[in-house]
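So the structure is just underneath, and the comments pick up after that.
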Amino acid sequence: IRWRSTSLSPGDGVRITMESALTARDRVGVQDFVLLENHTSEAAFIENLRKRFKENLIYTYIGSVLVSVNPYKDLEIYTKNHMERYRGINFYEVSPHIYAVSDNSYRSMRTERRDQCILISGESGAGKTEASKKILQYYAVTCPASDQVETVKDRLLQSNPVLEAFGNAKTLRNDNSSRFGKYMDIQFDFKGAPVGGHILNYLLEKSRVVHQNHGERNFHIFYQLIEGGEEDLLRRLGLERNPQQYQYLVKGNCPKVSSINDRSDWKVVRKALSVIGFSEDEVEELLNIIASVLHLGNIQYGGEDSGNAYITTDTQIKYLARLLGVDGLVLKEALTHKKIIAKGEELKSPLNLEQASSARDALSKAVYGRTFTWLVNKINVSLAYKNASVIGLLDIYGFEVFQHNSFEQFCINYCNEKLQQLFIELTLKSEQDEYEAEGITWEPVQYFNNKIICDLVEEKFKGIISILDEECLRPGDASDITFLEKLENTVGGHAHLTTHKLTDGKTRKVMGREEFRLLHYAGEVNYNVNGFLDKNNDLLFRNLKEVMCMSDNKILTQCFDRAELKDSRRPETAATQFKTSLAKLMEILMSKEPSYVRCIKPNDAKQAGRFDEVLIRHQVKYLGLMENLRVRRAGFAYRRHYETFLQRYKSLCPETWPSWQGKLADGVSTLVKHLGYKPEEYKLGRSKIFIRFPKTLFATEDALETRKHSLGERESHVSHAVVVQAWWKGILACRRARRRREAANTIRRFIKGFIYRHNERCPENEYFLDYVRYSFLMKLRRNLPKTVLDKSWPTPPTALIEASERLRKLYMQNMVWGYCKRINPEWKHQLEQKMVASEIFKNKKDNYPQSVPKLFVGTRLNGEEINPKVLQSLGSEKMKYAVPVTKYDRKGYKARPRQLLLTSNSAVIVEEAKLKQRIDYAALKGISVSSLSDGVFVLHVPTEDKKQKGDVVLQSDHIIETLTKVAICADKVNSININQGSITFTMGQGREGIIDFTSGSELLVAKAKNGHLSVVSRNNGGI
Ligand SMILES: Nc1ncnc2c1ncn2[C@@H]1O[C@H](COP(=O)(O)OP(=O)(O)O)[C@@H](O)[C@H]1O
Ligand SMILES: [Mg+2]
């Protein structure tokens, strides 16, 4: 509820705004913990959270820090209307929201020209990533934009699904857990439009590529590809649509997650990739890599435990060679050998089973990890922009404690210590320091400074990371256990570290022998040292690197640089790299003005409406929220340098307007007294004014707004403005008049042209005729026939009839040519047979039309359905076609099941193992069928031939196909007689038989009373 009044004096405006700010609060609990009666009570704090959570009020402030509780359900608070409501509104006037924080940062960036950052923290599943997405959406919707900006906005938004596909996975804590840290700068130009971005990524959890804990999954992209990838894509990649087939996907035994739809996510990701600007080739190469990782996982080794390993799965190597663009043999060798350089000579030594498996896994991890980094860089290129103000978003893994905690949790939790340190530096400590420096009296707040833990981890020479590196680099028999021992010997006495050996009975019971325990600011975590050295070394054998450097895949050539092979220095260890990148991140964050979003997870079951008090109390504690609140309550919400404050608000007081001549502090004092600030609302320090409540400041801001309006009207530059305005209006009017003139001319020319359209070309109709031609050609372009069969064509104007005819011919020829070029040999063969069928039967036999859409098959009987003895007796004669038929005896017309085989020389009639009759094509006199839709036909043979027992009467269910084949094989296209009514045939020994054809409702073949064979075919009978 903003107060806009010109009739009241500024002082009244201030009062009324303050009132409304106080009453605009949510009705449930307090919307700012600062307003809690008993602000030191944790119970009261949690009670307030609970009350609000019950009413779906998931956001609450502590001063300017936003506390957010994951609702685990979709709330109707992220609509465009909500965004509008928070736009340009002071923090305290509407209920707390992530949009308020977003808007506040945005406005500070615009008005104070200072870079901002929003730090989102909380444990895994607390809603950090969702919060960062909401912020991004808010900017995308509410910030001003131009055309070019639209694409950047889309890219910014679409970078999320891509990064999530490749960097997120289902864990026990969160179905969509970010397995990498992300800091994203959103860049804004001087108009406040988002124009670019930049992403920094931190420590992808690569080990997930090769192993997942029970109930967890690998990165989403693998499942998306397998579930959503199109058939021919999967075929090209050599993948099956079943995640259970892949060793790298079965470890967690959890291929499907109810909250995730891999198939539709796949579509989203494919679209996002093209919005971001990935070319089709790049996508193809990217997917080749993803598929390769799955194939790598399925490589299996044979060999004794101590003997040399060899690869038992050659198909994988074949696919890998193709997908990665490398030599299969070289890859095979690199996966089973290692190259050592000894005394300047290269030696190859074979690997045993275990070494080979871990070399393979190392390759998978390296390939995936580096591809991920490539992906981030690629996105950065598409978002690149220079010279901008920025708002940074930090969404980084929250504090993590599992049953088994390894190197990754160590790094993640170290990162959280650093962020807590930053939070302390920036809020608690700097707050207190400032009061001290300004000579303001206040009670110091006790808080736990976690610097001691950061030092324990990162200190040079003495810190855990240094000790770990030393073990990694030391020659000799260093192992995870010697690392643990070294920890005990060097930092064993530290108050925040203990091990199984060092601790006492009670703790010892809950610790493994291979564990060390860190007392983090957030709580205790036991880390198992198993794998620490390997993960920190992150080694990939030299020859595997060499193979990757030789790849044809353009992404891999960027990921594996040949220069790396020449560099003989040891690469930095994983922990040290992480430490360095964190230090850089801290620098970036320090240079910006921070806002905080502290996310809380209400329960471990990912359930809506459940408020697990124990879990929440723990988070409130380790997020330091109570300390935060105590400092806020003791302190002042806002502070400004005297000079800035006076400069901004001097117009609100007659004594300070238009300028104040005395000391700054006195000016400010006069000003605030005039504004009616009460003594408890502010304090004056050495160089700054401190304002206790934000609402006081906001009220002053509103008064200023009101004042600006009234000032604007009175001042003398009004007349100057009028002059400028008049000129500008004049220019606009001239432009409008010119455009109107031009439009009138166009219309006039058009009408004239229409009148003279039948004359010879002349200046009057030139414009019109050209227009008609042009529009016909344009129309033609839009309405070209799509297929050879489409005979439509737009009607041309008279002047273009000839041209149109020629174009049509050319276009048809072109389409036909294109069609022919696309035909493959099989289809060509099919069409040739159909042509023959058409020549023989079209308009002659009733069931021909039904046969047209059905494809002719190669044969109706395959090898196993024909008796081997028959095949044997056919010897070397090639079988062309076989079909089951019914034969009608010459005597009595009994129906017998037979097979008709067409070989290269003859038609053969077979009864199971017996070759009943063989008709050489040369001897085949002709073939008779009826014109109706029955399947009966007669093969005529010479009567003189004593070997033959007379003509053969057969029936086939595929008459058109069968006879076409016979015609082609026997070269008798012209010897097929199609008869109306009846067929006469010879029965041997000069006797004659007759078949009568009629049509009826039911197919019937039987001997009639007159001794003829009567065939009744159905009106729309079979083919
Ligand atoms: N504001 C919200 N509204 C609705 N659901 C949410 C919200 N924040 C988080 N969630 C739910 O919680 C899940 C975990 O959130 P996410 O942001 O991925 O956690 P984090 O990044 O902290 O690990 C999301 O997938 C979503 O289902
Ligand atoms: Mg996340």
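Glycine too: its Cβ is placed from the backbone N, Cα and C atoms.
Computed from a predicted structure; not experimentally measured.
The range from 283-305, 444-466, 582-604 that TrEMBL describes as region 'Actin-binding' is residues 582-604. Cβ atoms under 8 Å from those of the region 'Actin-binding' (582-604) belong to residues 49, 53, 64-72, 98, 101, 104-105, 108, 112, 114-128, 131, 173, 183, 200, 202, 390, 392, 394, 398, 414-415, 418, 422-423, 425-427, 610-612, 615-616, 619-620, 623, 625 of the same chain, restricted to positions at least 6 beyond its ends. Within the set of binding-site residues E123, G125, K128, K128 have a CB atom less than 6 Å from some atom of ligand 2. In sequence order, I120, S121, G122, S178, D395, I396, G398, V597, C599 are the residues near K128 (ATP binding site), counting only same-chain partners six or more apart with C-beta under 8 A. Among the binding-site residues E123, S124, K128, the residues whose Cβ sits under 6 Å from any atom of ligand 1 are S124, K128. G125 (ATP binding site): 22 other CB atoms within 10 A of its CB, across all protein chains. In the three-state DSSP scheme, S124 (ATP binding site) is classed as coil. A sphere of 10 angstroms centred on the C-beta of T129 (ATP binding site) encloses 21 other C-beta atoms. Taken residue by residue with DSSP, T129 (ATP binding site) is part of a helix. Break the region 'Actin-binding' (582-604) down by DSSP state and the numbers are 9 helix, 8 strand, 6 coil.
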